[in-house]
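One structure is given below, encoded as structure tokens.
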Amino acid sequence: MGSASEQRVTLTNADKVLYPATGTTKSDIFDYYAGVAEVMLGHIAGRPATRKRWPNGVDQPAFFEKQLALSAPPWLSRATVAHRSGTTTYPIIDSATGLAWIAQQAALEVHVPQWRFVAEPGSGELNPGPATRLVFDLDPGEGVMMAQLAEVARAVRDLLADIGLVTFPVTSGSKGLHLYTPLDEPVSSRGATVLAKRVAQRLEQAMPALVTSTMTKSLRAGKVFVDWSQNSGSKTTIAPYSLRGRTHPTVAAPRTWAELDDPALRQLSYDEVLTRIARDGDLLERLDADAPVADRLTRYRRMRDASKTPEPIPTAKPVTGDGNTFVIQEHHARRPHYDFRLECDGVLVSWAVPKNLPDNTSVNHLAIHTEDHPLEYATFEGAIPSGEYGAGKVIIWDSGTYDTEKFHDDPHTGEVIVNLHGGRISGRYALIRTNGDRWLAHRLKNQKDQKVFEFDNLAPMLATHGTVAGLKASQWAFEGKWDGYRLLVEADHGAVRLRSRSGRDVTAEYPQLRALAEDLADHHVVLDGEAVVLDSSGVPSFSQMQNRGRDTRVEFWAFDLLYLDGRALLGTRYQDRRKLLETLANATSLTVPELLPGDGAQAFACSRKHGWEGVIAKRRDSRYQPGRRCASWVKDKHWNTQEVVIGGWRAGEGGRSSGVGSLLMGIPGPGGLQFAGRVGTGLSERELANLKEMLAPLHTDESPFDVPLPARDAKGITYVKPALVAEVRYSEWTPEGRLRQSSWRGLRPDKKPSEVVRE
């Protein structure tokens, strides 16, 4: 079979509308499956793919297709399964081009089992293997809402956690939720089914009013059916990232557990999923970590004879890595050209560039995408004999390392942006696929000259909420989470500017930090960090930060370096930015707190011991992504906090009867604020008086909440425009979406209402 590099799929009827309600075309579907290939393939590779096709659109009849048609392209991987009624040959989708073929077939849905094919020793014949994961399909009965599904999902997660298994949630794209659990050791499909059934039955016993494990539909009204049967070797489940053939183009979308706590949880559309992937990557990355990887050197080997050419021809499959070397080789072949190669995932991704990379931004040069080369080729120089592929002399013209801004080298949506650091050539380059294997190479302006890094437009990178206990120090660095205000700082040879997380210039609000200008007078830097006020124990205090005066000692604790003396560092790995930051601190009086010791669990314990707010874990290889909340940064706090928007207030009783007694809290949603309860605990008399003064000009007769408030909460309320952001502590979210046992922490003038999301 041909390698993925040789495969070609021609899209026909590109403008055919497959989702009439949204006008989504076949071309849109083609682009979607090309866009999700990198994250989806690991979850379907090695598994037989059953397709559900809507050739005439979702408003017309569909049909399931298991048997691979004789007209299918020969390069598609395939294997045969014996059924009672005969044998069926299934396609195995293990390449981006295979997914493109799926789209060309208008096979909107891809269904796979929980087992993979395994090769028989000796013969190499593929046969069904053991299950590598569990799946639970949470199917809502009549009247069941998403919040109830999420409640059951958390119960399943907790049961599996008791036996040492981790669970990942997926909104199905239809009505329900899917839960996936990777198995440390594969088990038979029968064994997986037995385990899943026991979990479902145990859940039914614990939650009889909400859960059923029985397939009888008449028993499902008002309950969640925990379908365990899809672990059977003969059954399939809609694959993660697959489209659904419904009225709208929804997707079986991986979610975070924090999202399942959101009462507004809903199914996601394909365009939303693409945005999430660009921001967060694959949320199911740990589900199929052992997925089979295609040998990317198959085509390279087939084009060469080791007995006739001095080129390196390794026999082993390449091992995926995170190296970042590049090489440009001058190739005196029949048509002289330069070969540009970038190390990626264990191979050298390669282009033949007739005129070499351009040396200015005003021209584009043609680049032909060629077969992947082995890493050993990066040091190859020599003469390829006449009559052999690529005959001619090869000389290394330049080599070095590169930073990645974007790397999509698939045959359909290719775009690569890198920053080269070589001896003869340096700078930012983009390679963009135009048609087939034809790409354009373009030199970009240096990132420091781009608008994206203008300090006034820079937004801080944000962390996702999660647990750090299972994270290892070999891959993650652990910082303390400080109880202060996030600041971006620009110090430029004696001048300093400060910006809040929301983008406000707050230089005048922190006269105590003017000393940074003198400390960093020899440099032009942009720093990310936290402004803190320490209590008598030397611990950052949020309340003292809130009530600081001009004479209060405010410190700036830096934890990231984004720009240094003419070089933008956004595309540089965290561990390298950290080294530069520590070097800068050693040469100045800049405060850079030390990293926490050990793995995640030890770091979290250290943070608790010192009375800090929590821990921020950062992948050592992560790049800085301005304004994005990314899974490569994880925050884990010792107590629950939530930012809220104030939507109204109620007068107090007794000594508070003339002023504010409690505040109405909300979380911004599409139709207004989603009511999150009231808070009065923790407010001092001084704060109450200040709040009354601040809220007076915001008075409105219209409720800012998306639905009418319950009578007990609406009584005696004065509504205000949703302009002020505050932070509260709480014990838990109730099923109704209220904060239980909330207590006031303070206003957050550094935050905009539009930034507030449910944690």
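Every residue gets a Cβ built from N, Cα and C, even glycine.
Over in Swiss-Prot, the protein carries these features:
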REGION    1-411  region 'Not required for ligase activity'
DNA_BIND  13-16  DNA-binding region
BINDING   Lys52, His111, 137-139, 172-178, Gln230, Thr236, Arg244  substrate binding site
DNA_BIND  63-67  DNA-binding region
DNA_BIND  83-88  DNA-binding region
DNA_BIND  215-220  DNA-binding region
DNA_BIND  227-235  DNA-binding region
BINDING   His331, His337, Asp339  Mn(2+) 3 binding site
SITE      His373  site 'Transition state stabilizer'
REGION    460-757  region 'Ligase domain (Lig)'
ACT_SITE  Lys481  active site, N6-AMP-lysine intermediate
REGION    740-759  region 'Disordered'
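What Swiss-Prot annotates, mapped onto the structure for a quick look.
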{"residue": "Lys52", "record": "substrate binding site", "DSSP class": "strand"}
{"residue": "Asp137", "record": "substrate binding site", "DSSP class": "strand"}
{"residue": "Lys175", "record": "substrate binding site", "DSSP class": "coil"}
{"residue": "Arg244", "record": "substrate binding site", "DSSP class": "coil"}
{"residue": "His331", "record": "Mn(2+) 3 binding site", "DSSP class": "strand"}
{"residue": "His337", "record": "Mn(2+) 3 binding site", "DSSP class": "strand"}
{"residue": "Lys481", "record": "active site, N6-AMP-lysine intermediate", "DSSP class": "strand"}
By Cα geometry, the one of the recorded positions (His331, Asp339, His373, Lys481) nearest Asp139 (substrate binding site) is Lys481
Hey, for the Mn(2+) 3 site built from His331, His337, Asp339, who else sits with CB inside 8 A of the CB center? Gln329, Glu330, Ala333, Pro336, Tyr338, Ala352, Val353, Val394
Long-range environment of the DNA-binding region (83-88) - Cβ separation under 8 angstroms, sequence gap at least 6: 66-67, 234
With the cut-off at Cβ under 8 Å and a gap of six or more residues from its ends, the chain residues touching the DNA-binding region (215-220) are 139, 141-142, 227, 229
Residues in the region 'Disordered' (740-759) per DSSP class, helix first, strand next, coil last, are 3 helix, 6 strand, 11 coil
When the recorded positions Lys52, Lys175, His373, Lys481 are compared by other Cβ atoms within 10 Å, fewest goes to Lys175
Output, ordered by sequence, the same-chain residues six or more apart from Gln230 (substrate binding site) with a CB under 8 Å from its CB, or 'none'. Gln114, Val135, Asp137, Thr236, Thr237
Average pLDDT across the DNA-binding region (215-220)? 80
Given the recorded positions Gly173, Leu177, His373, Lys481, find the one whose Cα is closest in space to the Cα of His337 (Mn(2+) 3 binding site). His373
Among Lys175, Leu177, Arg244, His331, Asp339, these being the binding-site residues, pick the one whose CA is nearest to that of the residue listed as 'active site, N6-AMP-lysine intermediate'. Leu177
Spatial separation of His331 (Mn(2+) 3 binding site) from Leu177 (substrate binding site) - C-alpha basis, Å: 54
